[in-house]
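Student: Before we start, here is the structure in question, set down as structure tokens.
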Amino acid sequence: MPALVLIGAQWGDEGKGKATDLLGGAVDYVVRYQGGNNAGHTVVIGAESYALHLIPSGMLRADCVPVIGNGVVIDPGVLLAEMDGLTARGIDVSRLLISANAHLIMPHHRALDRVIERYLGKARIGTTGRGIGPTYGDKVARTGIRVQDLLDPGIFHKKLELVLREKNQVLAKVYNRRRIELDEVVEEYADYAKRLQPHIADTGLILDRALRAGKVVLLEGSQGTLLDVDHGTYPFVTSSNPTAGYAATGAGIGPTRISRVIGIIKAYTTRVGAGPFPTELDDKVGEELRRIGGEFGVTTGRARRTGWFDAVIARYAVRVNGLTDLFLTKLDVLSGFDRVPICVGYDLGGERVDEMPMTQTEFHHAKPIYTDLPGWHEDISDVRSFADLPGAAKDYIRALEEFSGAPVSAVGVGPGRDQTLVINDLV
């Protein structure tokens, strides 16, 4: 059977956890392929709400194997705390598999992340301060420490000792911060190693065998397309590649295994942190979207910036990811608005453009060109079929399909597992 990719088509927080959980009932493995604990997703099952940061949403399905792939950077303390929290709520975490090739977030990564962000002042990126960027930086510089190094205390000690010679010089002499103590870190991570060892595996091999045996594998990205380090609004991006092209690499499987790429897209637009946002609403409407949609970060708690749907970035996401389907979320949040504008292009110095500007300078100056659609006032949270939606809501979905360039195959009308309309089967 083929692999499926689930990717955020905006700036993250699109509702990937809900989509993954829904699809989890039809898949055998759910693989997180990039990012770290700088992002979170929420899954609501009945009266229970689960906030996950590192563990794939597939953990909440008893017949699904959750996998943390080699493209992820892992803070073992955070991972174990998340595992313990799920265990306390009756979730069996023994199924979790962790790639031996994934990189570890170390104390010096967190320290450097925080101090560099403070040093940048007004030019700061808006990092979560969890060490994600410095960890990916060391991975590329070939000075990183991997999960497999936890299995060999001698190798772990040698690698860390060598790395800390440089990192402590930077912390102490450049930023006037306390040095990281080698022995303290070695002791801390030795405890992590004991607990994580049963979960460490050659996940690429396991996934390849599963696919050959006819199993269905879902590859789950974190963040979103516009936060991709290559294709996003650089430098206001994450340090990895959430886009679909990295899914195979970050999971350890071949790209020809992938047959479908599903883009998760919110019925309006949100963004956390700094960076350009053409449709942003700095008014009461924006505040209302934030309040009704509960737009506060799962990981940071920060209020998300809100705006109307931007079809230009949606078209861009369809293009760079090769999206075959869209999963539209939070349509219910728009109930009650008299009008629901869609940004269909940008005004750049008096000239209309319909595609993503080539440069970030242009994108910073892009002004949205809207087409207005009538809104609806009905509560749609209990609707379970497309045919039963209000006419204006159906027209809105059709317009999003037309302007985005991909079919909407599922629609979320609330946070619950069952609050979804399936238009086209995704698995």
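Cβ from N, Cα, C; glycine included.
Straight from Swiss-Prot, here's the annotation block:
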type     : residues                                                             : note
BINDING  : 12-18, 40-42, R304, 330-332, 412-414                                 : GTP binding site
BINDING  : D13, G40                                                             : Mg(2+) binding site
BINDING  : D13, E14, G15, K16, N38, A39, G40, H41, T128, R142, Q223, T238, R302 : IMP binding site
ACT_SITE : D13                                                                  : active site, proton acceptor
ACT_SITE : H41                                                                  : active site, proton donor
BINDING  : V298, T299, T300, G301, R302, A303, R304                             : substrate binding site
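Show me how these features fit into the shown structure, please.
Tutor: Other Cβ atoms within 10 Å of the Cβ of D13 (Mg(2+) binding site) number 28 in total over all chains.
The DSSP secondary structure for D13 (Mg(2+) binding site) is coil.
Listed in sequence order, the residues of the same chain lying 6 or more apart from R302 (IMP binding site) and placing their CB within less than 8 Å of its CB are V272, G273, F296.
There are 13 other CB atoms within 10 A of the CB of A303 (substrate binding site), with all protein chains counted.
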Student: What's the most sparsely packed of the binding-site residues T42, Q223, counting other C-beta atoms within 10 A?
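Tutor: Selected from the binding-site residues T42, Q223 on minimum Cβ neighbours within 10 Å: T42.
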Student: Report, in whole Å, the straight Cα-to-Cα distance of V413 (GTP binding site) from N38 (IMP binding site).
Tutor: 26
Student: How big is the Cα-to-Cα gap, in Å, between R304 (substrate binding site) and L331 (GTP binding site)?
Tutor: 17
Student: In Å, rounded, how far does the Cα of K18 (GTP binding site) sit from the Cα of Q223 (IMP binding site)?
Tutor: 14
Student: Looking only at DSSP and grouping its letters into three states, which state does A303 (substrate binding site) belong to?
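Tutor: A303 (substrate binding site) sits in a strand per DSSP.
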